[in-house]
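**Student:** So that we are looking at the same thing, I have put the structure below in structure tokens.
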Amino acid sequence: MRVLFIHPNYHSGGAEIAGNWPPAWVAYLAGYLKAGGYTDVIFVDAMTNDLSEDQVREKITTLKPDIVGCTAITPAIYKAERTLQIAKEVNPDIVTVLGGIHGTFMYPQVLKEAPWIDAIVRGEGEQVMLNLVTAVDQGRFMADRNCVNGIAYAAPDGKVVATPAEPPIEDLDRITPDWGILEWEKYIYIPMNKRVAIPNFARGCPFTCSFCSQWKFWRDYRIRDPKKVVDEIEVLVKQHDVGFFILADEEPTIHRKKFIEFCEELIKRDLGVLWGINTRVTDILRDEKLLPLFRKAGLIHVSLGTEAAAQLKLDMVNKETTIEQNKRAIQLLKDNGIVTEAQFIVGLENETAETLEETYKMARDWNPDMANWAMYTPWPFSDLFQELGDKVEVFDFEKYNFVTPIMKPDAMDRGELLDRVMSNYRRFFMNKAFLQYPFTKDKERRKYLMGCLKAFLKSGFERKFYDLGRVGYWGPQTKKTVNFSFDKNRRIDAQTADELSRVDDGWVTMHGPKIEMRRRKGDDNFEIAKAAMACGGGTEQLTEEQQAATEVRAS
């Protein structure tokens, strides 16, 4: 029984500017399958190797798999669908499987537009995939698909079937990833010129922000034993020569006690590896006295979800942090030798040239080491997407990549929005390149920042940054001719829209019922009041009792 996993060849000009990122999903899935007795698992990274369709076809033909599996975030969905179609063209008997967050919630539409997909794994994939592979191995899968929990498929009569959800894996430490399945020499983090990994510290989130779907996908918040996470990192460092890692969690500092234990264990092991995280301003302020410990443990890069600059916008997005809190959190990190990156969301409905300029001025005032302006992108399966309703005009999911303006502001067209964002980038990083980075006193921070600048300049020179080459942007003189090439024929079909708008009784999460957002009379912006946040919104904290409860479930 041979299982072939393929990472689809999708590129967007976003996170890739820092290097090639190892697809951790395949290591966790392969490790779980091998522990379950299925050891013939092969991986092809079509994205990192930039494989053409013909090359993918050749790989499948040569490897002769029984099952081909792909994963897909929203912008990669069409590439994943095409990859699985190629597998069926090579051999119609191959069982084709799609996983990932997009298929989990958009399965009615995916199965309609890609009928060659035999099954979609919904949510956490390890146990579902093991059950599916077992059914295929026993020759009963196609006849008994309804007996495999956690999948969706199209029945012979065309009806879309979603089986009951598979319970989340309570003890994540049962999963031993097979990191050896990856070609590590190809996953280089450009700022440090070292191999990079993305291990899990926890899965899920205890909070239910409307712009996010992590809590909905994982269904339960579970955190790992910090010592076992460090065991995994030690394997990555000593066996695979990894020199930098980023925790995959949206916010690993949620569980304060466990995060402290994680840092203490890293210090104890003295692995000499640097790492980065995403987190919230409120967590940094909460942990002010712990920042020296974090830095001693190797934490070198923190990306903060500050999102919006003008206080008006902070209020509009229901962000319970203030401008001064953002500024203070950034300074605290810098004072402790930690590189800071501020994340801003742009392109809201009320965006203007003036608010974009305010964003730039605020970035200069806060003075983070780096700034990132991401386009406002409502995931089609998020609560936010439903709240926006007919304000969403673009359904070409390949462009849902945070660098393409999906939403059009009322006061400007998309080309001008892109141009002004590029102006912010140019001015911000020119100042850093000539007046700040080379003169940073901390040697390790200076080396890291100059490496980040190298990655930024490299992607700009190659026209890969922000997909500039593909859309035809060459500066302000081209803002009127930029072509985002939206496929206007793509829509959300009625069945998918119905599935998204109703509660799925078979998809139960740990979270209590959410409070429905209602439009305030006369307030045209209220429906997007929770919209413009990457992770970093709000001030919620886990209480000591809640932290203890997660530990009990994991034990």
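Heads up, the Cβ atoms here are built off N, Cα and C, so glycines get one too.
The [4Fe-4S] cluster binding site annotation in Swiss-Prot covers Cys205, Cys209, Cys212, and the record cites a curator's inference as its basis. The feature domain 'B12-binding' is assigned by Swiss-Prot to 9-143, with sequence analysis given as support. Annotation comment: Swiss-Prot describes 191-416 as domain 'Radical SAM core', evidence class sequence analysis.
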**Student:** Let's see if you can do this one: DSSP helix, strand and coil counts over the domain 'B12-binding' (9-143), in that order.
**Tutor:** 69 helix, 19 strand, 47 coil
**Student:** Please give me the CB contact count at 10 A for Cys205 ([4Fe-4S] cluster binding site), counting all chains in the structure.
**Tutor:** 24
**Student:** Tell me whether Cys205 ([4Fe-4S] cluster binding site) sits in a helix, a strand or coil according to DSSP.
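**Tutor:** Its secondary structure by DSSP: coil.
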**Student:** Which state, by DSSP, holds Cys212 ([4Fe-4S] cluster binding site): helix, strand or coil?
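**Tutor:** Assignment for Cys212 ([4Fe-4S] cluster binding site) reads coil.
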**Student:** Around Cys209 ([4Fe-4S] cluster binding site), how many other C-beta atoms are within 10 angstroms of its C-beta?
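**Tutor:** Cys209 ([4Fe-4S] cluster binding site) is surrounded by 23 other Cβ atoms within 10 Å.
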**Student:** If you count Cβ atoms within 10 Å of the Cβ of Cys212 ([4Fe-4S] cluster binding site), leaving out that atom itself, what do you get?
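**Tutor:** 21, counting other Cβ atoms within 10 Å of Cys212 ([4Fe-4S] cluster binding site).
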